[in-house]
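Here's the structure, in structure tokens; my notes come after.
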There are 2 protein chains.
Amino acid sequence: MTTQSLTRNQGLVFDVLSHAGSPLSAYSILDKLRDDGFRAPLQVYRALDKLLEFGLVHRLESINAFVACAHPDEGCHAHGLTAFTICETCGQVTEFHDHMIEDRLKGFAKDRNFKTGKTTIEIRGTCAGCA
Amino acid sequence: MTTQSLTRNQGLVFDVLSHAGSPLSAYSILDKLRDDGFRAPLQVYRALDKLLEFGLVHRLESINAFVACAHPDEGCHAHGLTAFTICETCGQVTEFHDHMIEDRLKGFAKDRNFKTGKTTIEIRGTCAGCA
DNA sequence: CAATTGATGTAATAACATTACATTCACATT
DNA sequence: AATGTGAATGTAATGTTATTACATCAATTG
């Protein structure tokens, strides 16, 4: 997935997320794109849906917000399970990948014949800089 | 924490969750408690806050819903990190605890001086019965 | 060109959660 | 019994997040 093949709206949303230092809600993305002609939440949600599908953006379930992927060139889907630390003070998000955890969760699911879809791992807390 | 020491509202909410076979949203809990005098969302949210604090109930971040803890007698806080599988077809939720994953996440956080607060692990997919 | 498919624009509404403020209850102290 | 305190409650209003419904537009293809 390259950033070239995005539509105008997808590109605008991705750009906003890429330049934000922290996660943004759909509505704050909307606010930032008013000048670019955005008027309704759906314009943002539709673009986000596609960006999520492409692996360019992640949704943080525990805070209802979105961040650009840390390595969008490959599309994050290449990296398997993605986990996050989220600083509740400054909003800093760190994305990481741990094969051991991934295997462990896969194993648990397999043992129970549970067919795994999307998996969420989010650690909320305080980052080193804010401690 | 015993179920005895709950207030009326807390007890009613816990009871509804305990007897539901799947996670419930705050508003669906509210609906089920209309006959018991519940009128406003806040009555539910306040009770849920306490039940979460006591470890009697879990919040599923990825679906904005709540479930009773699988072993409420001890209050789930006794068991360390809690993870869930959530069947998107039937709503069945399975709670589990994995020390290896817990240690791994703790280690990651420690390496980065990230002070861990609440951690969310949720696997959404399809359970054995629904496959 | 017609047909199809994906993207967009807009309005309305649904679903989830919190703020603000007044009141009541349980209980300890006097 | 009166008072003070903190926790819990009742109620209304509002804020935040997400979806449904429907019309239109643009690119592609048969």
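Glycine too: its Cβ is placed from the backbone N, Cα and C atoms.
TrEMBL: automatically predicted annotations, no manual curation.
For reference, TrEMBL has these:
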{"type": "BINDING", "residues": "B:Cys87, B:Cys90, B:Cys127, B:Cys130", "note": "Zn(2+) binding site"}
{"type": "BINDING", "residues": "B:Glu102", "note": "Fe cation binding site"}
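When the Cα atoms are compared, B:Cys130 (Zn(2+) binding site) and B:Glu102 (Fe cation binding site) turn out to be 29 Å apart. Geometry remark: B:Cys127 (Zn(2+) binding site) versus B:Glu102 (Fe cation binding site), CA distance 23 Å. Apart from B:Cys87, B:Cys90, B:Cys127, B:Cys130, the Zn(2+) site neighbourhood in this chain, defined by C-beta within 8 angstroms of the site C-beta centre, holds B:Glu88, B:Thr89, B:Gly91, B:Gln92, B:Thr126, B:Ala128, B:Gly129, B:Ala131. Counting only residues at least six positions away in the same chain, the Cβ atoms of B:Gly80, B:Leu81 sit under 8 Å from the Cβ of the residue listed as 'Fe cation binding site'.
Ranking the binding-site residues B:Cys87, B:Cys127, B:Cys130 by other CB atoms within 10 A of the CB puts B:Cys130 at the bottom.
Taking Cβ-Cβ distances under 8 Å and a sequence gap of 6 or more within the same chain, the neighbours of B:Cys90 (Zn(2+) binding site) are B:Ser22, B:Cys127, B:Gly129, B:Cys130. In the three-state DSSP assignment, the secondary structure recorded for B:Cys127 (Zn(2+) binding site) is coil.
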